[in-house]
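Annotated in TrEMBL:
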BINDING   CYS43, ASP45, HIS103, CYS106  Zn(2+) binding site
Amino acid sequence: MDAAVDRLKDGFAKFKTEFYDKKPELFEPLKAGQAPKYMVFSCADSRVCPSVTMGLEPGEAFTVRNIANMVPAYCKIKHAGVGSAIEYAVCALKVELIVVIGHSRCGGIKALLSLKDGAPDSFHFVEDWVRTGFPAKKKVQTEHASLPFDDQCAILEKEAVNQSLENLKTYPFVKEGIANGTLKLVGGHYDFVSGNLDLWEP
(Lines of atoms letter the chains of each structure in order from A and count residues from 1; the text may use other names and numbers.)
(Lines give C-alpha, C1' and ligand atoms only; values in the text may rest on other atoms or scores of the structure.)
Protein backbone atom coordinates (compact mmCIF):
# COMPACT_ATOMS: atom_id res chain seq x y z
CA MET A 1 0.00 0.00 0.00
CA ASP A 2 2.81 2.42 0.87
CA ALA A 3 4.35 1.89 -2.57
CA ALA A 4 1.00 2.56 -4.23
CA VAL A 5 0.59 5.83 -2.31
CA ASP A 6 4.19 6.81 -3.07
CA ARG A 7 3.43 6.31 -6.77
CA LEU A 8 0.71 8.97 -6.50
CA LYS A 9 2.97 11.36 -4.63
CA ASP A 10 5.76 10.91 -7.17
CA GLY A 11 3.30 11.34 -10.00
CA PHE A 12 2.09 14.64 -8.60
CA ALA A 13 5.64 15.86 -8.00
CA LYS A 14 6.44 15.20 -11.65
CA PHE A 15 3.23 16.92 -12.77
CA LYS A 16 4.00 19.93 -10.56
CA THR A 17 7.54 20.48 -11.82
CA GLU A 18 7.12 19.45 -15.46
CA PHE A 19 3.64 20.78 -16.21
CA TYR A 20 1.99 22.98 -13.56
CA ASP A 21 5.03 25.17 -12.82
CA LYS A 22 5.90 25.50 -16.50
CA LYS A 23 2.45 26.55 -17.71
CA PRO A 24 1.25 29.50 -15.62
CA GLU A 25 -0.60 30.84 -18.65
CA LEU A 26 -2.81 27.74 -18.49
CA PHE A 27 -3.33 27.38 -14.75
CA GLU A 28 -3.57 31.02 -13.61
CA PRO A 29 -6.91 31.67 -15.41
CA LEU A 30 -8.33 28.42 -14.00
CA LYS A 31 -7.97 29.81 -10.48
CA ALA A 32 -10.80 32.23 -11.28
CA GLY A 33 -13.17 29.61 -12.72
CA GLN A 34 -13.81 27.16 -15.53
CA ALA A 35 -15.34 27.65 -18.96
CA PRO A 36 -15.03 24.29 -20.75
CA LYS A 37 -16.21 23.94 -24.33
CA TYR A 38 -16.75 20.19 -24.05
CA MET A 39 -18.65 17.78 -21.88
CA VAL A 40 -17.26 14.25 -22.23
CA PHE A 41 -18.84 10.95 -21.22
CA SER A 42 -16.20 8.24 -21.10
CA CYS A 43 -15.80 4.80 -19.61
CA ALA A 44 -14.18 4.36 -16.20
CA ASP A 45 -11.88 1.73 -17.74
CA SER A 46 -8.29 2.48 -16.69
CA ARG A 47 -7.05 1.97 -20.24
CA VAL A 48 -9.00 4.91 -21.67
CA CYS A 49 -8.50 8.47 -20.48
CA PRO A 50 -10.27 11.03 -22.67
CA SER A 51 -7.99 13.91 -21.72
CA VAL A 52 -4.97 11.87 -22.81
CA THR A 53 -6.42 10.31 -25.96
CA MET A 54 -7.84 13.60 -27.29
CA GLY A 55 -5.15 15.91 -26.02
CA LEU A 56 -7.46 17.93 -23.77
CA GLU A 57 -5.84 20.20 -21.20
CA PRO A 58 -7.18 21.17 -17.76
CA GLY A 59 -10.19 23.44 -18.14
CA GLU A 60 -11.22 22.18 -21.57
CA ALA A 61 -13.61 19.33 -20.71
CA PHE A 62 -16.23 18.73 -18.02
CA THR A 63 -15.98 14.96 -17.72
CA VAL A 64 -18.18 12.12 -16.45
CA ARG A 65 -16.78 8.60 -16.36
CA ASN A 66 -18.79 5.49 -15.56
CA ILE A 67 -19.12 1.84 -16.49
CA ALA A 68 -19.51 1.58 -20.29
CA ASN A 69 -19.80 5.38 -20.74
CA MET A 70 -23.59 5.26 -20.55
CA VAL A 71 -26.07 8.12 -20.34
CA PRO A 72 -29.46 7.07 -18.96
CA ALA A 73 -32.65 8.78 -20.11
CA TYR A 74 -33.95 11.78 -18.16
CA CYS A 75 -35.45 10.77 -14.81
CA LYS A 76 -35.71 12.99 -11.72
CA ILE A 77 -35.83 10.07 -9.28
CA LYS A 78 -32.93 7.98 -10.67
CA HIS A 79 -29.37 8.63 -11.81
CA ALA A 80 -29.23 12.12 -10.28
CA GLY A 81 -25.44 12.06 -10.46
CA VAL A 82 -25.50 11.90 -14.25
CA GLY A 83 -28.48 14.23 -14.60
CA SER A 84 -26.99 16.91 -12.38
CA ALA A 85 -23.70 16.81 -14.28
CA ILE A 86 -25.49 17.27 -17.62
CA GLU A 87 -27.64 20.07 -16.23
CA TYR A 88 -24.68 21.92 -14.75
CA ALA A 89 -22.60 21.51 -17.91
CA VAL A 90 -25.36 22.77 -20.20
CA CYS A 91 -27.13 25.35 -18.05
CA ALA A 92 -24.29 26.77 -15.92
CA LEU A 93 -21.09 26.13 -17.86
CA LYS A 94 -22.72 26.54 -21.30
CA VAL A 95 -20.70 23.78 -22.94
CA GLU A 96 -20.96 23.72 -26.72
CA LEU A 97 -20.38 20.03 -27.40
CA ILE A 98 -21.33 16.85 -25.56
CA VAL A 99 -19.25 13.85 -26.60
CA VAL A 100 -20.00 10.24 -25.66
CA ILE A 101 -17.00 7.99 -26.30
CA GLY A 102 -17.05 4.21 -26.25
CA HIS A 103 -14.00 2.00 -26.57
CA SER A 104 -12.71 -1.37 -27.69
CA ARG A 105 -12.86 -4.44 -25.44
CA CYS A 106 -15.21 -2.75 -22.99
CA GLY A 107 -15.99 -4.97 -20.00
CA GLY A 108 -19.28 -3.16 -19.34
CA ILE A 109 -20.48 -3.81 -22.88
CA LYS A 110 -19.43 -7.45 -22.59
CA ALA A 111 -21.41 -7.69 -19.34
CA LEU A 112 -24.45 -6.16 -21.04
CA LEU A 113 -24.33 -8.58 -23.96
CA SER A 114 -23.81 -11.51 -21.56
CA LEU A 115 -26.90 -10.78 -19.45
CA LYS A 116 -29.43 -13.61 -19.45
CA ASP A 117 -33.12 -12.97 -18.83
CA GLY A 118 -34.08 -14.06 -15.32
CA ALA A 119 -30.52 -14.85 -14.23
CA PRO A 120 -29.46 -13.52 -10.79
CA ASP A 121 -27.08 -10.57 -10.70
CA SER A 122 -23.47 -11.20 -9.67
CA PHE A 123 -22.83 -7.63 -8.50
CA HIS A 124 -24.72 -5.13 -6.37
CA PHE A 125 -24.81 -2.42 -9.03
CA VAL A 126 -23.10 -3.37 -12.30
CA GLU A 127 -25.83 -5.36 -14.04
CA ASP A 128 -28.56 -2.87 -13.19
CA TRP A 129 -26.43 -0.02 -14.53
CA VAL A 130 -25.46 -1.67 -17.83
CA ARG A 131 -29.14 -2.49 -18.46
CA THR A 132 -29.31 1.18 -19.43
CA GLY A 133 -28.04 -0.08 -22.77
CA PHE A 134 -30.62 -2.84 -23.14
CA PRO A 135 -32.34 -1.36 -26.26
CA ALA A 136 -28.98 -1.18 -28.01
CA LYS A 137 -28.27 -4.78 -27.03
CA LYS A 138 -31.57 -5.99 -28.50
CA LYS A 139 -30.92 -4.07 -31.72
CA VAL A 140 -27.49 -5.66 -32.15
CA GLN A 141 -28.78 -9.16 -31.34
CA THR A 142 -31.62 -8.74 -33.81
CA GLU A 143 -29.59 -7.30 -36.67
CA HIS A 144 -26.37 -9.30 -36.17
CA ALA A 145 -27.56 -12.59 -34.66
CA SER A 146 -25.28 -14.68 -36.86
CA LEU A 147 -22.07 -12.95 -35.80
CA PRO A 148 -19.75 -14.31 -33.08
CA PHE A 149 -20.05 -12.85 -29.57
CA ASP A 150 -16.89 -10.73 -29.82
CA ASP A 151 -18.04 -9.19 -33.10
CA GLN A 152 -21.41 -8.37 -31.57
CA CYS A 153 -19.59 -6.72 -28.66
CA ALA A 154 -17.61 -4.54 -31.07
CA ILE A 155 -20.82 -3.40 -32.76
CA LEU A 156 -22.57 -2.85 -29.44
CA GLU A 157 -19.72 -0.61 -28.25
CA LYS A 158 -20.82 1.90 -30.89
CA GLU A 159 -24.55 1.18 -30.74
CA ALA A 160 -24.61 1.86 -27.00
CA VAL A 161 -23.03 5.25 -27.72
CA ASN A 162 -25.82 5.97 -30.20
CA GLN A 163 -28.40 5.07 -27.59
CA SER A 164 -26.75 7.39 -25.06
CA LEU A 165 -26.87 10.19 -27.63
CA GLU A 166 -30.60 9.59 -28.05
CA ASN A 167 -31.04 9.49 -24.27
CA LEU A 168 -29.33 12.87 -24.00
CA LYS A 169 -32.12 14.33 -26.13
CA THR A 170 -34.63 13.42 -23.41
CA TYR A 171 -33.13 16.08 -21.12
CA PRO A 172 -35.17 19.26 -21.70
CA PHE A 173 -32.17 21.60 -21.45
CA VAL A 174 -30.20 19.48 -23.93
CA LYS A 175 -33.14 19.39 -26.33
CA GLU A 176 -33.48 23.16 -26.03
CA GLY A 177 -29.78 23.73 -26.65
CA ILE A 178 -29.85 21.58 -29.79
CA ALA A 179 -32.95 23.41 -31.05
CA ASN A 180 -31.31 26.79 -30.42
CA GLY A 181 -28.09 25.77 -32.14
CA THR A 182 -26.01 26.37 -29.00
CA LEU A 183 -25.32 22.70 -28.31
CA LYS A 184 -24.13 19.79 -30.43
CA LEU A 185 -23.94 16.05 -29.73
CA VAL A 186 -21.14 13.82 -31.02
CA GLY A 187 -20.48 10.10 -30.67
CA GLY A 188 -17.06 8.51 -30.58
CA HIS A 189 -15.23 5.21 -30.30
CA TYR A 190 -11.61 4.76 -29.27
CA ASP A 191 -9.98 1.53 -30.38
CA PHE A 192 -6.89 1.17 -28.21
CA VAL A 193 -5.93 -2.05 -30.01
CA SER A 194 -5.48 -0.34 -33.38
CA GLY A 195 -4.93 3.17 -32.03
CA ASN A 196 -7.87 4.71 -33.90
CA LEU A 197 -10.55 7.22 -32.87
CA ASP A 198 -13.83 7.51 -34.79
CA LEU A 199 -16.16 10.48 -34.28
CA TRP A 200 -19.65 10.91 -35.72
CA GLU A 201 -22.76 13.05 -35.40
CA PRO A 202 -26.11 11.36 -34.65
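Quick reminder: no glycine exception, Cβ is built from N, Cα and C everywhere.
Each residue in SER42, ALA44, ARG47, VAL48, ALA68, ASN69, GLY102, SER104, ARG105, GLY107, GLY108, ILE109, GLU157, TYR190 lies on the same chain as CYS43, ASP45, HIS103, CYS106 and has a C-beta within 8 Å of the C-beta centroid of that Zn(2+) site, without being one of the site residues. Within the same chain, residues at least six positions away from CYS106 (Zn(2+) binding site) with a Cβ under 8 Å of its Cβ are CYS43, ASP45, ALA68, ASN69, CYS153, GLU157. Same-chain residues at least 6 positions away in sequence with a Cβ under 8 Å from that of HIS103 (Zn(2+) binding site) are, in sequence order, SER42, CYS43, ASP45, ARG47, VAL48, ASN69, GLU157, HIS189, TYR190, ASP191, PHE192. In this structure, the binding-site residues under consideration are CYS43, ASP45, and the one with the smallest number of other Cβ atoms within 10 Å of its Cβ is ASP45.
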